[in-house]
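Down below is the structure, laid out as C-alpha cells.
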Amino acid sequence: MVYNFSAGPAVLPKEVLQQAADEMLDWHGSGMSVMEMSHRGKEYMSIIEAALADVRALMNIPSNYKVLFLQGGAIAENAIIPMNLAALRSPAGKHEVGVADYINTGSWSTKSIKEAGRYCTVNVAASSADRKFASIPARADWKLSRNAAYVHICSNETIDGVEYQYTPEVAADTDGAPLVADMSSHILSREVDVSKYGVIYGGAQKNIGPAGVTIVIVREDLLGHALPFCPSAFDWKIVADNDSMYNTPPTYAIYIAGLVFQWIKRQGGVAALEARNIAKARLLYGYLDSTDFYSNRIAADCRSRMNVPFFLRDDALNDTFLAGAKERGLLQLKGHKSVGGMRASIYNAMPIEGVQALVDYLKDFEKQHG
Ligand SMILES: *Cc1c(COP(=O)(O)O)cnc(C)c1O
C-alpha cells in the first residue's frame, strides 16, 4: 500500500485511474481511445459537456459565469489575467492599463506579482513577507486602491501552507473591483461562494486531474476587455465564445478531470469532501502540535487543509526520516526547496487512512530518534 503526499502533480482517486485504464483502448464501444477523438466529434462533445455540467453543479456556479478550459497552467494565468483585466477601468475602447492590487501571502503570490508587473502597475496592498508568510495579513490592514482593476489573492499557498478560511470582501474599498483568486491547490476541497469572485482559476494537477488543463471560472461582464496584444488563445472572450475550442483543448486531461468530477459526486459532493478534509487536517496538525519533536509554524487561523509543511526538531534527521517514510510507502514528503523540512499534501484523493499511516510513522520515528 502506497500513499502519495506529492504537492503536484498529485494523487488521483484509484477508481478514476482504474476507469481510465479500462477505457484506454476503447471508450464506450467507440473503438477509439479518448486521445484519438476529434475534439468536435459527438463522442468527445459528450465528455466535455458532462465535465462542464458536473463542475458547475459541484461548485454551484451561477449562470452568469463561464467555465473555460485553457492551457499554460496557473503560471501562464499570471500573465493572462492582467492581459484580460488590467484595462477594466479604462474608458470604453481605450485599453488604458490601470493598477492591479495584489495580496502577497507566499511563493505563489510573489510569482503572480512579479509577472503582473510586466503588464500593469501592481500595488502590493498587503504582504506577510516580513512574517515569513506564516500568516495572512488581516483584511483590515489591506491598502487597496480605490480604482483597482482587480484584487488578486492566492487563496491557498501550496508551498508555504497558508489558506484563507474566508472570502475577503474587496468591492466596497475599490468601487467594485472584482476579486481574482488562484485556487490551484484547494479548488473543490471546500465550499466556496463563487458569486463573491470575479475570476477563480487553477491548474488541474493538484485537486482536479493531470497537468495540462487550466480551469478559469469568469464572470461574464469581465470578458471582452483584453489588451490588444493578448494572444487570441488567451483572450477569455474568444475562448468563451468558442466553448473552450478556439484551439484544440487538452482533451485527455479534461476527460480525466471529468472522471474526477464524477468521483466527487459519488463521494457526496464538495461538502462531504470538505468534512473529510477537516478531519484529515485535524488529525495531522493535532499530532504535530502535541510534540516538540515536530513543528508547523503557521498561525492556527490560516493553516492550509491541503498542504502541511512541517519540520523535524533536528534537521540532520531529514534524510533518515524520508528514507524510513519511503520504506513504509509514504511517498514524496520532502518539503519544497525554498522552505526546507517536510510537506504533506493531503488533497481530496488522499484518504484519512493515508494521514493516519503518516501520523503512525511520525510517532514511531519520534520514539526511535526522540
Ligand atoms: C502549482 C501551483 C501553481 C503553478 O501551476 P502551473 O501549472 O505549474 O502553472 C500556481 N499557483 C498555485 C497556488 C499552485 O499550487
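Counting begins at 1 with the first residue displayed.
Cβ atoms here come from the backbone N, Cα and C positions, even for glycine.
Unlike curated entries, TrEMBL annotations are predicted automatically.
Copied over from TrEMBL, here are the features:
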- 2-358: domain 'Aminotransferase class V' (DOMAIN)
- Arg40: L-glutamate binding site (BINDING)
- Trp108, Thr158, Asp182, Gln205, Asn247, Thr248: pyridoxal 5'-phosphate binding site (BINDING)
- Lys206: N6-(pyridoxal phosphate)lysine (MOD_RES)
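Here the features listed in TrEMBL are painted onto the structure.
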residue	record	CB count, 10 Å
Arg40	L-glutamate binding site	9
Trp108	pyridoxal 5'-phosphate binding site	21
Thr158	pyridoxal 5'-phosphate binding site	27
Asp182	pyridoxal 5'-phosphate binding site	28
Gln205	pyridoxal 5'-phosphate binding site	23
Lys206	N6-(pyridoxal phosphate)lysine	30
Asn247	pyridoxal 5'-phosphate binding site	15
Thr248	pyridoxal 5'-phosphate binding site	10
Site extent for pyridoxal 5'-phosphate (largest Cα pair distance over Trp108, Thr158, Asp182, Gln205, Asn247, Thr248, Å): 30
Sequence-ordered binding-site residues from Arg40, Trp108, Thr158, Asn247, Thr248 with Cβ under 6 Å of an atom of ligand 1: Trp108, Thr158
Cα-to-Cα gap, the residue listed as 'N6-(pyridoxal phosphate)lysine' vs Thr158 (pyridoxal 5'-phosphate binding site), nearest whole Å: 9
Spatial neighbours of the residue listed as 'L-glutamate binding site', counting only the binding-site residues Trp108, Thr158, Asp182, Gln205, Asn247, Thr248 and Cα distances within 10 Å: Thr248
Within the predicted model, mean pLDDT of the domain 'Aminotransferase class V' (2-358): 97
